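In what follows, a single structure is set out as structure tokens and then discussed.
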């Protein structure tokens, strides 16, 4: 019997997840299908109950449901509970279990380009929203000890830092302070929507002086190279856009659902092609 998977969100027509997962199913000769479901906020509960009743094997959760979905699940993974958001649901033994693969997907993407362990790195996070929180908690979860957070509203950065129970040395900074301190970091991670199409001329941080070997990562992938990545490249930094994070979080969900490991590079190249790269 064909296994059913999917993604719920609103809007959902732009999602690249169906293309990525269905190609992986085909490549691995699996009898499964992944479908995008448009689910409005006011019917989220009914939709989740319906998916469970239909016997869906698992599904992803995207905007605007990542927080609200938690009220409709039977169990929530401890890391997802700490992050306060779920993006992956596994249907197992009659229960819907929520996980967050966004943060750990980002960590795996970062590990794929870093020649040294992340635990030894001093990291700067730009932004203190949902994506930043997932990344901060996941970096802490793998043992990173120094993570500073810079945000337009410093109090929001402080809130993120104090919410984490792991032993991490962190300082909350203004964006101006982060600009002055940028050469003290091994890795800079941009987690806001600043610089996303169509406002591509914007950047949260003017890159002017980086130490040698710095990695600058931006979770945005439209455009492929945001202003902050262009400036970092000019400074000689290794850069990474948001495609890797998207692919790795999807691959982690795929493994949780199926127990099979998809071809990461195949997934990545497919997404790049679909984005017109």
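Heads up, the Cβ atoms here are built off N, Cα and C, so glycines get one too.
From a predicted model like this one, the values you see are computed outputs, not experimental measurements.
Taken straight from Swiss-Prot:
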- 66: active site, proton acceptor (ACT_SITE)
- 15, 16, 17, 62, 87, 102, 221: shikimate binding site (BINDING)
- 127, 128, 129, 130, 131, 151, 152, 153, 154, 155, 156, 219, 242: NADP(+) binding site (BINDING)
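In the three-state DSSP scheme, residue 62 (shikimate binding site) falls into the coil class. Looking only at the recorded positions 66, 131, 154, 156, 242, the one with its C-alpha closest to residue 221 (shikimate binding site) is 242. Around the Cβ of residue 127 (NADP(+) binding site), the same chain contributes 149, 150, 151, 190, 191, 192, 204, each under 8 angstroms and 6 or more positions distant in sequence. Note on residue 242 (NADP(+) binding site): other Cβ atoms within 10 Å of its Cβ, all shown chains, come to 21. The sparsest Cβ neighbourhood within 10 Å, among the listed binding-site residues (16, 131), is found at 16. Ranked by Cα separation from residue 87 (shikimate binding site), the recorded positions 66, 152, 154 are led by 66. Nearest in space to residue 152 (NADP(+) binding site), taking C-alpha to C-alpha distance over the recorded positions 15, 16, 66, is 66. Cβ contacts within 10 Å of residue 152 (NADP(+) binding site), excluding its own Cβ and spanning all protein chains shown: 15.
Looking at residue 129 (NADP(+) binding site) and residue 16 (shikimate binding site), their Cα atoms lie 23 Å from each other.
The two recorded residues, residue 15 (shikimate binding site) and residue 242 (NADP(+) binding site), show a Cα separation of 14 Å.
Rounded to a whole value, the Cα-Cα separation of residue 242 (NADP(+) binding site) and residue 16 (shikimate binding site) is 13 Å. For the pair the residue listed as 'active site, proton acceptor' and residue 154 (NADP(+) binding site), the C-alpha distance works out to 24 angstrom. Of the binding-site residues 102, 156, 102 has the largest number of other Cβ atoms within 10 Å of its own Cβ.
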